[in-house]
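Below: the structure, in structure tokens.
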Amino acid sequence: MIEIEVPATSANIGPGFDCLGIALSLSNTVRVEKASETRLKGCPPQWAGPDNLFLRSFRQACALLQTSVPEIEVEFITRIPPARGLGSSASLAVAGAAAALLLYAQPKAGTELDILKEQKNQHLLLKAATAVEGHPDNAAPAIYGGFTAAAIAKEDISIIRADAPAEWRFAACIPDFDLETSVARKALPDVYSRADVVHAISHAVLTALAIRNADISSLGRVCEDRIHEPYRRPLVPDFEDVENACRANGAAAVWLSGSGPTILAVFESSVPAKSLASDIAAHAKRRWQVVPLHADNMGLRAQISP
């Protein structure tokens, strides 16, 4: 049996739309083994068909490996809340590609990470997951861990990663409602002004450098977006109240995680979870959960058992 663990991710990080992402200390686990017919366990019935993200990515990776698609039994242990902007779909896509690679390579127990961390294999996983997801901003940190910048260029994917600051802490403010990515994307305009494009480019670069340099003060000044957040905020009830509560409790920067509705806040050392939750509850109309997290610099991992 292969047990695969994939971390949650927060994409965009303010101005880094469809490009920047960071892996977080929350994960989904998937157990896979060959079977006489393909079966899915622990998966809601509406997602248990052949269009399941895990299975689509599994088939895509098999195609890239130029190998046949085996029948498998899959068990999902889900901790990342779906449709909340924390990379739940990317975790399934990455896990599916990893399962295909490991079944193909048949590594000995104890060498799983060596296989997964080989550069050519990481790139194959990223290509398979991105083909299913449509963009690499969640899949990249899920595979590589840490902080990543990724882009599709010349029919390939370019990525640069760095360890995320280990001392930083994050508060994932997760509401009791979901927001489908397709709905959030429809809220975006087709055309942007030159001023907004220049703002996006400059602030995305500065955000990336602030994280790379562990400069949380600079991050607080430059982590500001004009490309997606202004148009998605109306889709997230209580956004302003949650953002204000985060900043009042010492957050250096606050952003809409992925397409939302989770709001992620970064703190220099610790998350005042009780105080933050209390302040949100005092002002918000919906119910919000505050989950303290840290960065996951390992990324995708797996273990093989007899």
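Cβ coordinates come from backbone N, Cα and C, glycine included.
Because TrEMBL annotations are produced automatically, they should be read as predictions rather than curated entries.
Residues or ranges marked as domain 'GHMP kinase N-terminal' by TrEMBL: 61-146. Across the residues of the domain 'GHMP kinase N-terminal' (61-146), the predicted structure has a mean pLDDT of 94.
Here TrEMBL flags Pro81, Pro82, Ala83, Arg84, Gly85, Leu86, Gly87, Ser88, Ser89, Ala90, Ser91 as ATP binding site. Other Cβ atoms within 10 Å of the Cβ of Gly85 (ATP binding site), summed over all protein chains shown, number 30.
Positions annotated as domain 'GHMP kinase C-terminal' by TrEMBL: 210-283.
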Run through the domain 'GHMP kinase N-terminal' (61-146) and tell me, per DSSP, how many residues are helix, strand and coil.
-> 50 helix, 6 strand, 30 coil
Most Cβ neighbours within 10 Å, among the binding-site residues Ser89, Ser91, goes to Ser91
Secondary structure split (DSSP) over the domain 'GHMP kinase C-terminal' (210-283) reads 38 helix, 9 strand, 27 coil
Under 8 Å Cβ to Cβ from Gly87 (ATP binding site), same chain, six or more residues apart: give me those in sequence order, or none if nothing qualifies.
-> Pro7, Ala8, Thr9, Ser10, Ala11, Gly21, Ile80, Asn138, Pro141, Ala142, Gly258
